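Colleague: Take a look at this one; I'll ask things after.
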Amino acid sequence: MASRTPLMAGNWKMNLNHQEAVVLVQKLAWTLSDKHHDFAKAEVAVIPPFTDLRSVQTLVDGDKLQIKYGAQDVSTHDSGAYTGEISAGMLAKLGCSYVVVGHSERRQYHAESDAEVHAKAQKTVEAGMTPIVCVGEGLEVRKEGRQVEFTLEQVDGSLGDFTPEQVAALVIAYEPVWAIGTGEVATPDDAQEVCAAIRARVAERWGEAAGESVRVLYGGSVKAGNIAGIMAKRDVDGALVGGASLEADEFGGVCRFYDMPTL
Ligand SMILES: O=C(CO)COP(=O)(O)O
């Protein structure tokens, strides 16, 4: 079985200016070093707003931190007359490792389609970064028990014509919309059900090796207190964390999931 290094990624959403970003990354680096976080047990990434990235790059490079960073969105275009857009090339130049694409907040507020999400993921890969492709159902779909079917449709549409090698290297984040920012966390079994179905679909469409290698994260009200139970599930390879990633100690606890009690 391929060994997948867990990834804990903190999606700050539209929070913290560049000065606050530097303070938080410094605190996070300190808490992880003080508690001797083992980066082989979990990769750590922060996903700040665009305006913070240059400052985070300077700090990470200057202090040689093992913390990685990425962006929350990217343009489907390379350059040109697209006011307000940020290209994958610009993000790669800033040292970004990851780009979140298709977050439910972008699908909901900016009507992003699976085709657009795929185009963004494609640009991210072409620029040498790793997309974190977000999928997940809303409350109505969950109530009807169609969460697997709905989410797999998003997986098919968002991954599109990627090759098996490209799919093997990417990250998929299962974020049930009803669990985002609500304090309503999916149970470890809920997370496992859909994450396992995503991996099985990848294996079916892109081959066993891609299914074994692709990292599938869970996102939705993750905190230090509930991460261990979620990570105990075999198809969950990490977490995409919103609110709890804005507190260094709390996010540090999520990163050290292997030291946390299972509730
Ligand atoms: O949307 C999320 C991460 O991308 C989850 O947000 P919360 O952790 O605040 O529920």
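We number each residue from 1, going along the chain as drawn.
Just so it is clear, glycine is given a Cβ too, placed from its N, Cα and C backbone atoms.
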Colleague: Which residue of GLY62, GLY70, GLY181, GLY207 does TrEMBL report at the same substrate site as ASN11, TRP12, LYS13, SER221, GLY242, GLY243?
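Modeller: Site partner of ASN11, TRP12, LYS13, SER221, GLY242, GLY243 for substrate, according to TrEMBL: GLY181.
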Colleague: Should GLY243 (substrate binding site) be counted as helix, strand, or coil on the basis of DSSP?
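Modeller: It is helical.
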Colleague: Under a threshold of 6 Å between Cβ and any atom of ligand 1, which of the binding-site residues ASN11, LYS13, GLY181, SER221, GLY242 are retained?
Modeller: ASN11, GLY181, SER221, GLY242
Colleague: Could you measure between GLU175 (active site, proton acceptor) and ASN11 (substrate binding site) for me? Cα positions, answer in whole angstrom.
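Modeller: That separation, Cα to Cα, works out to 12 Å.
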Colleague: For the recorded substrate site formed by ASN11, TRP12, LYS13, GLY181, SER221, GLY242, GLY243, name the remaining residues of the chain with Cβ within 8 Å of the site's Cβ center, in chain order.
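Modeller: Along the chain, the qualifying residues are ILE180, VAL241, ALA244, SER245, LEU246.
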Colleague: Looking at Cβ-Cβ distances, which residues of the chain lie under 8 angstroms from GLY242 (substrate binding site) while being 6 or more apart from it?
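Modeller: For GLY242 (substrate binding site), the qualifying residues are ASN11, LYS13, ILE180, GLY181, GLY219.
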Colleague: Roughly how many Å lie between the Cα atoms of TRP12 (substrate binding site) and HIS103 (active site, electrophile), rounded to a whole value?
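Modeller: A Cα-Cα distance of 12 Å.
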